[in-house]
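Engineer: Supplied in structure tokens, the structure appears directly below.
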Amino acid sequence: MGRFALLLLLAFASFQALCFAADDDTAFYDSFDEPFDGRWIVSDKDDYKGVWKHSKSEGHDDYGLLVSEKARKYAIVNELNEPVSLKDGSTVLQFETRFQNGLECGGAYLKYLRPQEAGWKAKLFDNESPYSIMFGPDKCGATNKVHFILKHKNPKSGEYVEHHLKYPPSVPSDKLTHVYTAILKPDNEVRILIDGEEKKKANFLSADDFEPPLIPAKTIPDPDDKKPEDWDERAKIPDPNAVKPDDWDEDAPMEIEDEEAVKPEGWLDDEPEEIDDPEATKPEDWDDEEDGEWEAPKIDNPKCETAPGCGEWKRPMKMNPAYKGKWSAPLIDNPNYKGIWKPQEIPNPDYFELDKPDFEPIAAVGIEIWTMQDGILFDNILIAKNDKVAESYRETTWKPKFEVEKEKQKAEDESTDSDGLSGVQKKVFDVLYKVADIPFLSEYKLQILDLIEKAEKQPNITIGVIVSILVIILTVLFRLLFGGKKQPKVEKNPEVAETSNNQSTSGEKAEEEEEEEEEEEKEGTAAAPRRRRRDT
């Protein structure tokens, strides 16, 4: 019993120590349990008409900061009691957001603002207000990413430059609550987590991870260097000694009549392919003066149905064995080839070295977005100096909500489709979004995301989309393995095309269906002789 009491006492002491440490390491936290008035300041700028509301998350008693109207600009800011330095140890930026009505076009990112000495006022907060870091989801059209942007001062020019994280993760496509975490480490590393799972790791000083890189290139192409006039970039040239062969006939046709062809037996030379319809009668209301002379419509000649053909017989055409086309001299290696010209490299006058980013402190947290969707809910905004603190908040504030929402979504999927097909498709889409984040596919990420979004709107084309994405992956792998330069094409299967058509207006659909019927009719009669019809 005494040993159990000792263990209990130690556990309690450890818990207390953890709580005190969490308090010490928490630089800013807002749970929005209470109304935001007094803590958050709404911008008075004319462009920002969106109304913020203190609202419950759907299905929970938990409150958050709600984007309440569609197609509006929003701006709101909370000034910290003390600026948070990003130069001392680790810093963790974390917040939750939920797209309760989905997200087709809009942002849900946060801006971590510099001190007001940089030139901004809370009541005038807008997109020009100077920030240190911008972080969070953004989706519209071809854009689908979790932004991480560092605004860094160039030590030579004194200008602030936006440095964007390359190949950022995609935004989750559901309506559940997700938690976004950015961990800035003292070794210049930044880690991006979604729902506690690492999605991206980068180095602030690596040119492979940020665009433009924080450290400029040591050398640059000389802007004053000019290509010499006698510089020959042609690897191959026509052989100047080559002569066209005497028997090369450039005028020979590609096709000639097949002299060996014989007219089939039973061919009806004197029978027309079409005849007047004997059962057709002139309409009673036909006016010769207004409508012109009436002519019976044409029908296929029934005699031709049993014969090999009707009308004048002509020999079929065949490929001309003597055809060679236009002669051109063969290509040979160019003895004067010097390669592709490039200007010489010179020292970059803007180059500088950097051991660590010169982070600006965070003096306020702001949300400045433009969105076409309402129902975006922000919650549990945290700035901490210890990633364990962020982890504890994820476990206690985010995870319970997420688990409830996930179970509810699962039940809805099962009720929507008894065989669970919707749930399977959701898992497929989640995998496809992860595929889009693969670095070697970055060049085609927008194409892949576009295909996935079409499949989400039209689930019946999911298989076609998967095939198209596989084509991209296999083509890229082929290029990597064999050095091909050909760019992969996204296969546009008929079902994907159907998705685009389904998004048109009802009037356009009617016209398209009418055109399709006409095309089908033409295809059905393509093999038969053409019929002459009279317009009425």
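Residue numbers in this text run from 1 along the chain shown.
Cβ atoms here come from the backbone N, Cα and C positions, even for glycine.
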Engineer: Quick one: which of Cys19, Cys105 does TrEMBL link to Cys140 by a disulfide?
Structural biologist: Cys105
Engineer: Using DSSP, tally how many residues of the compositional bias 'Acidic residues' (267-278) sit in helix, strand and coil.
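Structural biologist: Each residue of the compositional bias 'Acidic residues' (267-278) counted once, the result is 0 helix, 4 strand, 8 coil.
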Engineer: If you draw a 10 Å sphere around the Cβ of Cys105 (disulfide bond), how many other Cβ atoms fall inside it, taking every protein chain shown into account?
Structural biologist: 14
